[in-house]
Amino acid sequence: MKLNELKVSNPYLALDPEFYERVKPDPLEKAHLIHVNKTVAKTLNIDEEELESEDFVRLLNGEFEAEGSDPFAMCYAGHQFGHFVPRLGDGRAINIGTIDKFQLQLKGAGITEYSRMGDGRAVLRSSIREYLMSEAMTNLRIPTTLCLGIIGSEHPVSRQGIEETGAIVCRVSTSWVRFGTFEYFAANGEFEKLKALADYVINENFPHINGRPDPYKLLFNEVMVITSRLLAQWMSVGFNHGVMNTDNMSIAGLTIDYGPFAFLDDFKHGNVCNHTDTEGRYSYESQPAVSKWNLERLMKALSPLTPIEGMEKLLSIYDKIYARYTHYYMCKKLGLEGTVEGDPDLIDDMYDMLEKLKVDYTLFLRTLSHYKHKGDRSDLLATALYHEPMNEWLDVYDERIKYIDPTERRNQMLNVNPKYVLKNYMLQEGIDAAEKGDFSVVDNLFKIAKQPFEEHPEFERWAKATPKEFRNQRLSCSS
Ligand code: AMP
Ligand code: MG
């Protein structure tokens, strides 16, 4: 489709005006295209030639109005670091329309009535992080919001006294509703609107529930199951989100709102990636429990629509569901066939061993994928300074994989253990170059984000353990 044939709809605007504010994007000065995601463009049925046009930059800059355009920002509440904030909302993201089931949103496109003290902007570095990371997660097969493209600009934006430049990512998702959207209407006692929101979400994301008895309990069940699966996937790749506030929890079970996230460097249960998270509330190991706590907030918000006892019963099996998913993903990563009694211990012991030896999580699992037999341990042992605990663990592992076909195991493991994940030091390399006007590193990072399980000999350096000086660092939330 040509851009001038583009038609958008806005189903969210059928809800009560309290759900949103109609607001026009405020374009950035001197915007230029940094990168476009051709796969996402194809999903949206936008012709490839159009992606190089001026109009495409104007679309991402909020200047190009597609037919049916009626931009708006969404209202929501949320528990931030455990404290309820009754009114948040899109303070810098503006929805510009839906194409099929995909909702386009410009992050950093100016002030809305939910901006509070913020300037409605997003800086280049955080936009690059979100842009690349959504592609990386997609190809790790982890549910996530997507990005169509990213533009930079000469628009001055100040963060913590430092002058930076503004950027916009055009985010694409099948839902922008958050747990906090439900909390907003529940806290205000507006149960009709709460019901309208639940019906909207069911229609949009869980149509199979439609018309079934007690749909709101079923809705809670669906969200609980997809959230627990998402968490198991995050944990299995060593992803630490960093800001799991309820306003950053997607009702559609997607990874949403990329901020000071990190992939683990050395394996560390208690890894904290968010500099402002002094208590470690959102540490790597806390994530499954935090998501359960967040689901409890959602449950309370939904309780005017369905008896809470039913949802409590469902939530009481959250740990079991999460453990099942984790077991499933980790057995795949270790190449284990079937189920053997000692498997959970084997997995836990691996984590403890990696933490004790400060081994790079991604590198270890990728190297383990190539591991053949006892006489072939040198590459694995080279990932650690001391060998004994790893040898001990490998002895147990050898015993477990004894009857599994080695070629099949290898092929399966190479398909689930990425060679490349976007560690923070790599993203920072891309950002440092981009801030000087060189986007070639961003291009290269996009290539590995697109094919994380492939070899890419030219980027071998990024498949090694994170350089010591960059390991397990914390990032500031300021974005
Ligand atoms: P985040 O940490 O990006 O998920 O944002 C939390 C809340 O703060 C959301 O309501 C955002 O819309 C809002 N926010 C973050 N940064 C800005 C900004 N620069 N201007 C306006 N609102 C912002
Ligand atoms: Mg957010």
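Note that Cβ sites are derived from N, Cα and C of the backbone, with glycine treated the same way.
Keep in mind the model is a prediction, meaning the values are calculated, not measured.
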Co-listed ATP-binding residue [TrEMBL; alongside Gly89, Gly91, Arg92, Asp119, Gly120, Arg171, Arg178, Asp257] among Lys107, Lys193, Lys195: Lys107
Contacting binding-site residues, sequence order - Gly89, Arg92, Asp119, Arg171, Asn248 vs ligand 2, Cβ under 6 Å: Asn248
Integer Å distance between the CA atoms belonging to Asn248 (Mg(2+) binding site) and Gly89 (ATP binding site): 11
Distance [Cα-Cα, Å, rounded] between Asp247 (active site, proton acceptor) and Asp119 (ATP binding site): 19
Spatial neighbours of Arg92 (ATP binding site) that are distant in sequence (at least 6 apart) but have CB under 8 A: Lys107, Gly108, Ala109, Gly110, Ile111, Thr112, Ser115, Gly118, Asp119, Gly120, Arg121, Ala122
Pairwise CA distance, Arg171 (ATP binding site) versus Asn248 (Mg(2+) binding site), rounded so that it is a whole Å: 15
Other CB atoms, at most 10 A from the CB of Asp119 (ATP binding site): 15
